[in-house]
Amino acid sequence: MSFRSGGRKLSFELLSSDLTAADDDDVDDASPRSLPETSSDGQSRRRRRSRRKQGALQSPPIAEEEPRVDVHPPAPLRVTTDLRSVVEKVCQASDAERSAAICVSYAGVELRQRSVAGNGRAVTFAEDAASSCASSSAAVPDAIDPTRRPEANGVVKKLEKDESLDWEKYIKENSNVLGEVERRDNSPFRYFIGEMYSGNSLRSTIAVGNDKKRQRVYNTMFHVPWRCERLIVAGFFVCLDSFLSLLTIMPARIVMTVWRVLKTRQFLRPNAADLSDYGCFVVLALGVASLQMIDISLIYHVIRGQGTIKLYVVYNVLEIFDKLCQSFGEDVLQVLFNSAEGLSTCSTDRVTFELLRFLLDGAIAVLAFVVHSFVLLAQAITLSTCIIAHNNALLALLVSNNFAEIKSNVFKKVSKENLHNLVYYDIIERFHITAFLLFVLAQNILEAEGPWFDSFLINASYVFMCEVLIDAIKHSFLAKFNEIKPVAYSEFLEDLSKQILNEQPDDRQKDLTFIPLAPACVVIRVLTPVYATLLPAGPFIWRIFWILLWSVLTYFILAIFKILVGLILRCLASWYINLRLTRKQHAD
């Protein structure tokens, strides 16, 4: 019988010892039906069957031979009925070396049994039938055992086995097969090369940003510093306008009131605004008179000659007192204005009480602003000492003061309202520094020898540049840490513009509150000796004439300056408010 498996034919002949060559001719290939039995006795039939079974069990092993092509179909083989179980066992055999079951398929081999009458012999005849494996014979390629190869002479030669698979070596060479991390060489050079070609190592510790992060960086670097500095500059000119109003508008109102009284010769009860002007004028006059009694040279040598406390420490202490005096002076002035309003509207029975309260509040205001004026004067003298000194005292002052300001403000939780007040404090501080530099200029005019103006400009530029830089850094990181957008500074500028146009906002706390009384006392005290040097020598009347002349000229210069500043501020405020309204309409 011919047997096909994996493209090769397996031919095995199972010969029984009691079969003869004549029995092959009795087999009909075309009709595999069983022949009828004869009338022989049953004992002979049982003996023949037992002998056939013994011959089947003693059949030779299956031999593999070279595939051959036959024109005629192969001769049928005589097998016993137990051949079916043998063939099935061969079909279920597996290749252990390849760990895959190879099913032997039969091309239409069918085992049949024919009982032949006559000589009482039973012939089992095999012809082409099909037998498939239990799994799927179609999915397994036809193959035979590769360890055996038949030779031409029919002798089967066993092939040499390949080298067995070393699983540990395979895993080491292909560690990614099991999803494991590939083992790296511990060589320092290979480690450095691997780090160099692996990309930026910071990406493993820093998350990749997005558009929101980019906008946050741009806000910190560009938008917040620009809008903050724009607000501070606008606020500086608002403070300058208030300062000029104190020196020009308030004296003019007082002169007009006195002129009206002299003209009508009737003393009427003044209104609240007039009483407020009188109170401010008294505070200013007494403050200037008090500072005139102070020897600036003495204070200068005391500050410069001390060795226990450094100059920058003295300046920081005075700056703290300056902020305290600002807060207290605002409350004192509000109380004074309230007393003025009560005195102007009270009944006749309460005039005495309201007058005494007004005088008491005026005395408290004089005391508060005299102290504040002295603090500002000492602070100006300290700054002048640092500028004149040749031991880098100015640099130490700027570094310690400005970075202490950053440390005390940046790392705090600040709301939008607190930030609004902080910006206003920075505006007032900028104006105070301008007054201090004016004091230094006056001192150089009076006492400096040789070329000093270039040095003064350089030092003043240092001071202003440091203030601008520190304010920008401080507000940038305050806005960053507290999640405040740059548009907040635009809203602050809008509130300031409404204050310039005298548009009363809903919340008066949004107004920039600047009291120019103490700075005015310091400036007048400093400029008085400068004007004294311009007076010519001569009789007392002649000197009085020059004093009045210089006073009138100064007043007109300040009035013209006040008009220009006020008109420019109002124009810019109107333009900015209209711009904000337009942007809000487009945003809606």
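Heads up, the Cβ atoms here are built off N, Cα and C, so glycines get one too.
Listed in TrEMBL for this protein:
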type	residues	note
COMPBIAS	45-54	compositional bias 'Basic residues'
REGION	21-76	region 'Disordered'
TRANSMEM	231-255	transmembrane segment
TRANSMEM	275-300	transmembrane segment
TRANSMEM	358-381	transmembrane segment
TRANSMEM	387-406	transmembrane segment
TRANSMEM	512-532	transmembrane segment
TRANSMEM	544-577	transmembrane segment
Quiz item: What stretch in 275-300, 358-381, 387-406, 544-577 has the biggest tally of Cβ pairs under 8 Å against the transmembrane segment (231-255)?
Solution: 544-577
Quiz prompt | Cβ contacts the transmembrane segment (275-300)/the transmembrane segment (544-577), at least three under 8 Å, sequence gap 6 or more | solution = no
Self-check item: Closest-packing stretch to the transmembrane segment (512-532), where packing means Cβ pairs under 8 Å, from 358-381, 387-406, 544-577
Solution: 358-381
Practice problem: Could you pull out which residues elsewhere in the chain have a CB under 8 Å from any CB of the transmembrane segment (544-577), counting only those six or more residues past its ends? | Solution: 234, 237-238, 240-241, 244-245, 247-249, 251, 493-494, 496-498, 500-501, 531, 534-536
